[in-house]
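So that you can see what the record holds, here are the features copied from TrEMBL:
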| type | residues | note |
| --- | --- | --- |
| DOMAIN | 36-486 | domain 'Biotin carboxylation' |
| BINDING | K152, E236, H271 | ATP binding site |
| DOMAIN | 156-353 | domain 'ATP-grasp' |
| ACT_SITE | R328 | active site |
| DOMAIN | 563-832 | domain 'Pyruvate carboxyltransferase' |
| BINDING | D572, K741, H771, H773 | Mn(2+) binding site |
| BINDING | R644, T908 | substrate binding site |
| MOD_RES | K741 | N6-carboxylysine |
| DOMAIN | 1026-1095 | domain 'Lipoyl-binding' |
| MOD_RES | K1061 | N6-biotinyllysine |
Amino acid sequence: MLRYAVVRGGLGLLALRRTCVVSRFTHSSPQSEYRPIKKVMVANRGEIAIRVFRACTELGIRTVAVYSEQDTGQMHRQKADEAYLIGKGLLPVAAYLDIPDIIKVAKDNNVDAIHPGYGFLSERADFAQACADAGVMFIGPTPETVRKMGDKVEARALAITAGVPVVPGTDAPIASMQEAHVFAQTYGFPIIFKAAYGGGGRGMRVVREYEELEENYQRAYSEALTAFGNGALFVEKFIEKPRHIEVQILGDKYGNVIHLYERDCSIQRRHQKVVEIAPAFQLDPHLRDRLHADAVNLAKQVGYENAGTVEFLVDKHGRHYFIEVNSRLQVEHTVTEEITDVDLVHAQLHVCEGRSLPELNLKQDKIRVNGCAIQCRVTTEDPARGFQPDTGRIEVFRSGEGMGIRLDSASAFQGAVISPHYDSLLVKVIASGKDLPTAASKMSRALAEFRVRGVKTNIPFLQNVFSNHQFLHSTVDTQFIDENQDLFNLKPTQNRAQKLLHYLGHVMVNGPTTPIPVKAKPSSIDPVIPPVTMGDPPLGFRDILLRDGPEGFAKAVRAHQGLLLMDTTFRDAHQSLLATRVRTHDLKKISPFVSHNFSNLFSLENWGGATFDVAMRFLSECPWKRLQELRALIPNVPFQMLLRGANAVGYTNYPDNAVFKFCEVAKENGMDIFRVFDSLNYVPNMLLGMEAAGAAGGVVEAAISYTGDVSDPMRQKYSLDYYLKLADELVKAGTHILCIKDMAGLLKPEASKLLIGALRDRFPDVPIHVHTHDTAGAGVAAMLACAEAGADVVDVAVDSMAGMTSQPSMGAMVACAKGTKLDTGIALEKVFDYSEYWEVARGLYAPFDCTATMKSGNADVYENEIPGGQYTNLHFQAHSMGLGNKFKEVKKAYTEANKLLGDLIKVTPSSKIVGDLAQFMVQNNLTRAEVEERADELSFPLSVVEFLQGYIGIPHGGFPEPFRSKVELERGKTLHIKALALGDLNKAGQREVFFELNGQLRSVLVKDTVAMKEMKFHPKAQKSIKGQVGAPMPGKVLEVKVEVGSKVEKGQPLCVLSAMKMETVVNSPLTGTVKVIHVTTDSSLEGDDLILEIEE
């Protein structure tokens, strides 16, 4: 050994020490000082820090994390027992390179040893030396070994001395571009620049021709300087299409070195490994032995201790060349652990404490390969855009797991923010199996299970790799990705749930975006309020209700001489004509006039139905406040609302106690009469609403929804007997008033006489109230017929808000009944004043007025039976979607859809079901016969499927067969979504919207379009404008290479961006003159932010 020391010159001291070690071994166990480690700091971040923490915890060692200001929310600081801020005020990467601060934290907190992880300071000899000087153990090789192996040039010289083949290259770091030029002239292109003091692909650039030399030299130098704190480079001849094979080594303080076999890291992009395999697939056994022997010999020559990797290139002829030694733990150490069952981090810690490899039972003859392991680096990079790093917030994270799968990660969780400051690695996925195909199969399955939303990932690309025939059945080289462009034929992700949440979140934050199909603008004329007499308004029917209660009120209505009217102007009229958009402001202005001049109205309908939905979503009003304010202004006329049975004022069944409480609070705030109905006349649903309204002390008005034609003997599904039996049940249930709700305006005069006459004969003491729409234009005649047949109350709307899909005209009913037994007692001239106000007020809502698309009512409603409110909405939607000329087809399809569904009673929500099916048929050009025939294969709207599942009740006559049996009611992809909360505005102009999706908390960030108008943001490059150059990825501007007025050629570098420690040159897309520059050095950019503008 002494002779060996003389031959190796400068290694004399090391050789002498090794002699002593051998001497010790000849006796028994090593006599070197054993220093147990009690506390370990990891001078790193992310998944490698967590990997080390876990190993320490298993060994009973306390852990310490350090973190930069940008990493305060990262998982690694939460996984440690203690965590301390370093590099305050420094740039994100510089914080982890701040040696004095790291050492200070270690000393201040009694740290025994520091693990450097990989990257950052892991191959910095000065850091290893600083640890030694501070009396802190460095978990890695000695500072001298780190220096020799970290200096790629010296490592190369050592390899030559050890007889290991090397690639032709410079003997020392080059000092200038000129030296690189000389090297290229000597050996020819291609050549490769490599960082002298670090790896991982940073500072590595391939140059294939002279014109690329200077730019790549500058980029390689800058990347190396940023990543490792030293920009020194050396140059090598670039070996075309080699395999990249590396050997894992492990040494102790006593000269023992073993290998743990090799890994194949040939699948790379940008010289960074993407997939690693252990052991190397189809590697010649003799070549494998030579690689192992060369790796161990080189390590022994330098007295290597702790874990390291010796890397080689293997050319197509089977010749291998030494590249470098990574004197640290590698990212891909995991696959070696899986096939050898050796915990490398445990071994590192024990070796650092002074234990020998034999003590740890780590002897070469006992190290065996068991099966195959593959590692994938899942990164936040977009393969479709040249693997550009993506940043942002992870909205959804679900990993692939199961037998044979190991996950090493740090930032892989919902809510994690991926910044541009650090590496793009998200999670390492390691699959193990008995052989390569088995491991690859497990990996494919695991990748398919991943769900990552919010940032792009390389998972679709990795899935293509694992389905590639060459990868599975042959060997691959470092050009594998470049030569297999089909790997970039990426299968698009569906992302259905998150897209839906984003849409819902956008609606919650910014309101609906349904386009208005007309260009009508609101009138600039304010309505004039007719004069109102001073003093209190006269007594009205509400005074009777307050005095005598609901039963006494019903008796008074029944005993009243003449016809009573309910005015729908405050709700259903503007719901039908103006999409419920009328504001409380305009209702309040006319309220005193109504109170003083229409005190003999039966009621005023002003609440319920769509009031809640529209008030909160579109008008940003409180519906409760509307009720309170109107009650104060109209104390004498009863208020009436529409209650959808068990649905209350919503679109789904609510818990019983919620419906009861709603009615109680509504009554307390001024509501008097509750019109209770169910869209299918399903009595159990109605009974709940009736009980809730009655318990609250309100007047219960049970409404039977009318459809069909009782005067037509050919239509007997909804016969006169059907309605009489329903009325029997409702009267027995205790309704105070019986209502016929003719929501489509189908009651003809003859049918009115038959139905109302029969009800009056059967229930002589029960008040009868009739509601209709005037879509066909026969509303006044039908209501007069109802009144003649015994109805006590009919619904009307003031003249300027009547007709078409609204209610019949108040003025017409008053005039026709005047001087007869049906006289309403209402002054016609007051109706004119009332109508004049609403005629002008209606102009304020011109963009929502149904007359923008409808010019008249239509008697075809007797055929299609579309409810008045829905008729208007369908017409509006058809124009919004550019199908205005197809509205006739929509109406015909509505008729056919209704027949398909078994001839339903059509009112919200059953009317929506029919409408959805009708539009589905028109959009897909389907006839009724085709829908019936193909029912088992069509993807029907969800509302149709849920109806057939019984979500809204059981229709009269049962569900339609065989249509229902053919429809596949459950396709296995049902999303259960509940909106939970809306967050505050953040600095980016976004609000976080929280949902519960299938029982799990989800959130999305939505831009608040209104708030953003008040905030300043960097402009975005418009792809449609030639000459606007945008940032290809998020990052920081390192250098701007042009000035305003500069002449640039197509392809000329304009600026340099840095993201995740990689640098990207932005080139000019055209020849021209720089007109405007929107960035400066150190500007932080998001993707597509405008960099500059070029004028041709």
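In case you wondered, yes, glycine gets a Cβ from its N, Cα and C as well.
All TrEMBL annotations are machine predictions without curation.
Keep in mind the model is a prediction, meaning the values are calculated, not measured.
Taken together, the residues in the domain 'ATP-grasp' (156-353) have a mean pLDDT of 91 on the 0 to 100 scale. All protein chains considered, the CB of K152 (ATP binding site) has 25 other CB atoms within 10 Å. Take the recorded positions R328, K741, H771, H773: by the count of other Cβ atoms within 10 Å of each Cβ, the lowest one is K741. Between the binding-site residues H271, R644, R644 has the most other Cβ atoms inside 10 Å of its own Cβ, all protein chains included. Most Cβ neighbours within 10 Å, among the binding-site residues E236, D572: D572 holds that distinction in the structure as shown. In sequence order, G609, R644, Y651, S679, P867, G869, Q870 are the residues near T908 (substrate binding site), counting only same-chain partners six or more apart with C-beta under 8 A. In space, K152 is the closest of the binding-site residues K152, H271, D572, K741, H773 to R328 (active site), judged by Cα positions. Same-chain residues that are not part of D572, K741, H771, H773 yet have a Cβ within 8 Å of the Cβ center of the Mn(2+) site turn out to be T568, D742, M743, T772, D795, Q807, G868. Here K152 (ATP binding site) is positioned 88 angstrom away from H773 (Mn(2+) binding site), judged by their C-alpha atoms. Taking only the Cα positions, the spacing between K152 (ATP binding site) and D572 (Mn(2+) binding site) is 82 angstrom. Comparing Cα positions, H271 (ATP binding site) lies closest to D572 out of the binding-site residues D572, K741, H771. Cα-Cα distance from D572 (Mn(2+) binding site) to E236 (ATP binding site): 82 Å (rounded to the nearest whole number). Taking the Cα atom of each, E236 (ATP binding site) and H771 (Mn(2+) binding site) are about 90 angstrom apart.
Listed in chain order, the residues near the ATP site other than K152, E236, H271 are G169, I192, F193, K194, A195, M204, F234, I323, E324, each with its Cβ within 8 Å of the site Cβ centroid. Residues K152, E236, H271, recorded as binding ATP, reach a greatest CA to CA spacing of 16 Å.
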